[in-house]
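Trainee: I have a structure I would like to understand better, so I am pasting it below and will then ask my questions one at a time.
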Amino acid sequence: MTIQQVLLLLLLWMWLPPPCHSEMLFRRTPDLRPKSFGGRVSGNDGKAIHRQKRGWMWNQFFLLEEYTGSDYQYVGKLHSDQDKGDGSLKYILSGDGAGTLFIIDEKTGDIHATRRIDREEKAFYTLRAQAINRRTLRPVEPESEFVIKIHDINDNEPTFPEEIYTASVPEMSVVGTSVVQVTATDADDPSYGNSARIIYSILQGQPYFSVEPETGIIRTALPNMNRENREQYQVVIQAKDMGGQMGGLSGTTTVNITLTDVNDNPPRFPQSTVHLRVPESSPVGTAIGSVKATDADTGKNAEVEYRIIDGDGTDMFDIVTQKDTQEGIITVRKPLDYETRRLYTLKVEAENTHVDPRFYYLGPFKDTTIVKISVEDVDEPPIFSRSSYLFEVHEDIELGTIIGTVMARDPDSASSPIRFSLDRHTDLDRIFNIHSGNGSIYTSKPLDREISQWHNLSVIASEINNPKDTTRVPVYVRILDVNDNAPQFAVFYDTFVCENARAGQLIQTISAVDKDDPLGGQKFFFSLAAVNPNFTVQDNEDNTARILTRRNGFSRHEISTYLLPVVISDNDYPIQSSTGTLTIRVCACDSRGNMQSCNAEALLLPAGLSTGALVAILLCIIILLVIVVLFAALKRQRKKEPLILSKEDIRDNIVSYNDEGGGEEDTQAFDIGTLRNPAAIEDKKLRRDIIPETLFVPRRTPSAPDNTDVRDFINQRLKEHDTDPSAPPYDSLATYAYEGNDSIAESLSSLESGTTEGDQNYDYLREWGPRFNKLAEMYGGGESDKDTS
């Protein structure tokens, strides 16, 4: 504990009233008999009831907090006036902290606190005291309640809820402008002394800011604080209790104050004159450069609007404000021409869009600069005299006729010669051509309006000295109509006349079309090429005509078809006409004129088929279908039969014996070496004489030893097939031993050699000619090898 705290405790101790060391007596009236208190009250029995006076004289106990002594802290003493000092009474204490925090001497009534007490934890304690007879344990006085109140000392310093505060205030604020309020709290008792009375002071941040001692409100202390000079300030505020007197406890906090921006700075151009260059070929809308005025303010206070206020190029250039960069972008407003003007001067103004009226005296909030724009010369492409051309020409002009001329020039001062050409993508049929020197367009193929009425061409002009610089212009050629097409029937007419027709009867109405398109519209005339005794044409004068009969009755047996030539002509110049022929069939009609039949052969045919004829046709169709089905079934059945049905049913590579073969040079029929070298035989081959339905897993058989006899090989294969349940019943000894028919050389097979006891002699094979030499060498050599072994 500090010296100041000790002195403070001594001062408080001197000012405290003496009850802490005085006895609180239980006083009782001298007369043990009850005395009247207030007035008399009658009971039910009519006797007077007297209220007994209370035997306690009671006050509060006071205890100083944060006791630092080594002994228990004395609180006070309880004493009853019935205590004779002989130890017959016993004092009992109950309530808050009784027995733990507060103890009582049951003989003397002295109350002590067993440990240090913090008022901030609990300000008072409520207890109950009673004096009883030690022998009878009966109370001699009623139980009474008292309070031990804890006196506060200054043991808590003021604290701020935040260690660091953040605040802001506009720049250029007047002195005394409120910034922020900070408030500290003290846990000490505000109702006792000055322990919780807080005074605020500023430790850091002067002379820019001040703080009100009682409220903690921070205010500006200097006028015209400029954010552009300094933006951040750190202020340290102290809160001290005891009214700020010496010995009081204190706490501090930090306040970071930021000056916010106001529009107190006008925009300024860094240069009084800006030079820009632009090529004369720059299209309209091209950005040629930018200007920017600086503003020391930030945010919306620094927003600037640019405009051109004067100069000789106000109609040639525009300026646009770029919001994100706050720049003025100068763009081309009209096409430039170096040969016409080479230098422009603009006066550009930049002005703040958000001006604060409080700071008008710092203005004006705008600035100007001069922008000089130099136009640079470039090699420009040729320029046509028009943006587009329209030529009209009749379709009957002769080849090579000039239909029009395009003109172009070089805008540069050098005035280079111009070369003209046609874009062939716009004239795929090469109907037109152009003179490269003077731009005259002429025809190279005949024109036909009826095929194409318009031709859209593209003419290219390029400088001879710089062919890369080109310009295109559209040329529209309209083909004018000439009456060069004769009218024709509009559609194909299927015309007929009834046999019972009468003279003057309408049988057909005809019309015509013409590919030409005269200015006055189409007008057609209809007539017959020659007088016809059967039919006539009546012109309706509305580009239609009627075909009428000139006699009564027609017979299709005599004439079944009439050809009627009709002449169609127009009224344009020169007049065009054509002859169309109508084919009129004679038909049988009913009484209403509806056509029934127009062929003469129809009279010879029966009116219809009878029922019996229809049934016969149907039966024929059914019989044909049955035959087709049977044929398909037989064909499928034959596919399962062996392919070799003759007696010469030879399998594997053994060919028919009555086939002489190709001799020694024939190596395609079979390979006898396979018989002599069974190891080369495949594990399992499919039968070639029938189509297999089920493929069995081939069973591997041991290879016969080298240089074995054919007989042994055949016997081995025969045994394998006899014991193989999956083999069909074709493989048998009788089948293999069959000699065949009509063999002059008799049998050459060795299948029967197993039944003879002697060796076979094959020398006679050498006598049959060169075709059997190979066979004689094979069998003869095998026998010789066998004999030598």
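Including glycine, each Cβ sits where the backbone N, Cα and C put it.
Straight from TrEMBL, here's the annotation block:
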DOMAIN    80-160  domain 'Cadherin'
DOMAIN    161-269  domain 'Cadherin'
DOMAIN    270-384  domain 'Cadherin'
DOMAIN    385-489  domain 'Cadherin'
DOMAIN    489-603  domain 'Cadherin'
SIGNAL    1-22  signal peptide
TRANSMEM  603-634  transmembrane segment
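How about a rundown of where these features are and what they're close to?
Mentor: Mean pLDDT for the domain 'Cadherin' (161-269) in this predicted model: 91.
Across the domain 'Cadherin' (270-384), the DSSP tally of helix, strand and coil residues reads 10 helix, 56 strand, 49 coil.
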Trainee: Treating G and I as helix alongside H, and B as strand alongside E, what does DSSP give for the domain 'Cadherin' (80-160) in helix, strand and coil?
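Mentor: Per-class counts: 0 helix, 36 strand, 45 coil.
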Trainee: Just to be sure I understand, if DSSP states are collapsed into helix, strand and coil, how many residues of the domain 'Cadherin' (161-269) fall in each?
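Mentor: Per-class counts: 3 helix, 46 strand, 60 coil.
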